[in-house]
Amino acid sequence: MIIADEVRSALEDGRGVVALESTIISHGLPTESSARVARQIEHAVRGSGAVPATIAVVDGQVRIGLDDAGLERIATDPVVVKSSIRDLGNVCAAGLTGATTVASTAYLAHRAGIRVFATGGLGGVHRGAAHSFDESADLPALASVPIALVCAGVKSILDVGATLERLETLSVELVGYGTSRFPGFYIQDSGYAVPWVARSADEVAAVLRARDGLGLPQALVVANPIADGKEMPRDLHDATLASGLEALAAQGITGKDVTPFLLAWFHEHTHGVSLQANIDLVLGNAQVAGEVACALTR
Ligand code: PSU
Ligand code: MN
């Protein structure tokens, strides 16, 4: 595991550090914009006074903090492997380049001593999971990694209600950031409530400290809705989701390809509307994560 110099010195000096995942860059956004967005996400973390650490596997080596060439490679190289926890052994042993998911990023960030992590939307229970058993490895990973994850809820392509039930079963603590409603990724309100509300970065930091004091091993999910005026129009969202799910079934897509397929479907079929929402929500999460990381140092 190679920790970038800037990240290592920030950790040693007790400054705020935010982990960032790389699958959103390689598989979640169109290639034309992904390098630019990856830089914007890091910029948003810096804007809050924290140091970004984008995590990926480059030529078989885990990197905690990517330089610009690494970021560009993850964004544009078509052979980059979507790497969840169970892929890490093979990707590293074969010297491959892999983009880490929420699950593997959380695991690696925690090993590096990072306390706060930002992504777009958490993975979860897929629609039809009662038959397919398709539940993201993000959920069990968060049950065993004590990190704060700032996200815009779970992706709306999922079964949100079932995902919330699983988060409860797995004892993953959940707070709404300035809201009592669980966000729906592209939209502010998924239709479900959250059990707890945090009104500021300092309140989130207080929850984290309390959890640390008790030695709780699970993650804290900080659900931060997309900003006012930035969410996708509801009817466009619902129609695109319906057609995307039909295409998914018709083409027989399964396993780790499901989420990238549906995200790409949205980006293509909304002519950039979902892409802009995805960018806006992840930048908002990066900013809040930076504020939480700094609040933890106070
Ligand atoms: N959030 C986004 N875009 C993404 C993802 C999250 O805005 O592409 C990625 C994350 O890496 C997450 C993964 O871990 O999607 C979930 O994939 P799966 O459903 O196969 O577990
Ligand atoms: Mn899956």
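Backbone N, Cα and C define each Cβ position, glycine as well.
Features reported for this protein in TrEMBL:
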ACT_SITE  Glu21  active site, proton donor
ACT_SITE  Lys155  active site, nucleophile
BINDING   Lys82, Val102, Ser136, Ala137, Asp138  substrate binding site
BINDING   Asp134  Mn(2+) binding site
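Locations of recorded TrEMBL features on the structure.
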residue: Glu21; record: active site, proton donor; Cβ within 10 Å: 29
residue: Lys82; record: substrate binding site; Cβ within 10 Å: 20
residue: Val102; record: substrate binding site; Cβ within 10 Å: 27
residue: Asp134; record: Mn(2+) binding site; Cβ within 10 Å: 20
residue: Ser136; record: substrate binding site; Cβ within 10 Å: 26
residue: Ala137; record: substrate binding site; Cβ within 10 Å: 17
residue: Asp138; record: substrate binding site; Cβ within 10 Å: 29
residue: Lys155; record: active site, nucleophile; Cβ within 10 Å: 25
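Here the Cα atom of Ala137 (substrate binding site) is found 14 Å from that of Glu21 (active site, proton donor). Cα separation, Lys155 (active site, nucleophile) to the residue listed as 'Mn(2+) binding site', rounded: 14 Å. The residue listed as 'active site, proton donor' has Val102 as its nearest neighbour among the binding-site residues Lys82, Val102, Asp134, Ser136, going by CA to CA distance.
Comparing Val102 (substrate binding site) with Asp134 (Mn(2+) binding site), their Cα atoms are 16 Å apart once rounded.
Checking the binding-site residues Lys82, Ser136, Asp138 against ligand 1, the ones whose Cβ sits under 6 Å from it are Ser136, Asp138. Asp134 are the recorded positions among Glu21, Lys82, Val102, Asp134, Ala137, Asp138 whose C-beta comes within less than 6 Å of an atom of ligand 2, given in sequence order. For Lys82 (substrate binding site) paired with Asp134 (Mn(2+) binding site), the C-alpha to C-alpha distance reads 16 Å.
Secondary structure at Asp138 (substrate binding site), as computed by DSSP, is helix.
Taking the mean position of the Cβ atoms of Lys82, Val102, Ser136, Ala137, Asp138 as the substrate site, the remaining residues of that chain whose Cβ falls within 8 Å of it are Thr23, Ser84, Thr101, Ala103, Ser104, Gly123, Ala141, Thr259. Under the three-state DSSP scheme, Glu21 (active site, proton donor) falls in the coil class. Under the DSSP three-state reduction, Lys82 (substrate binding site) is assigned to strand.
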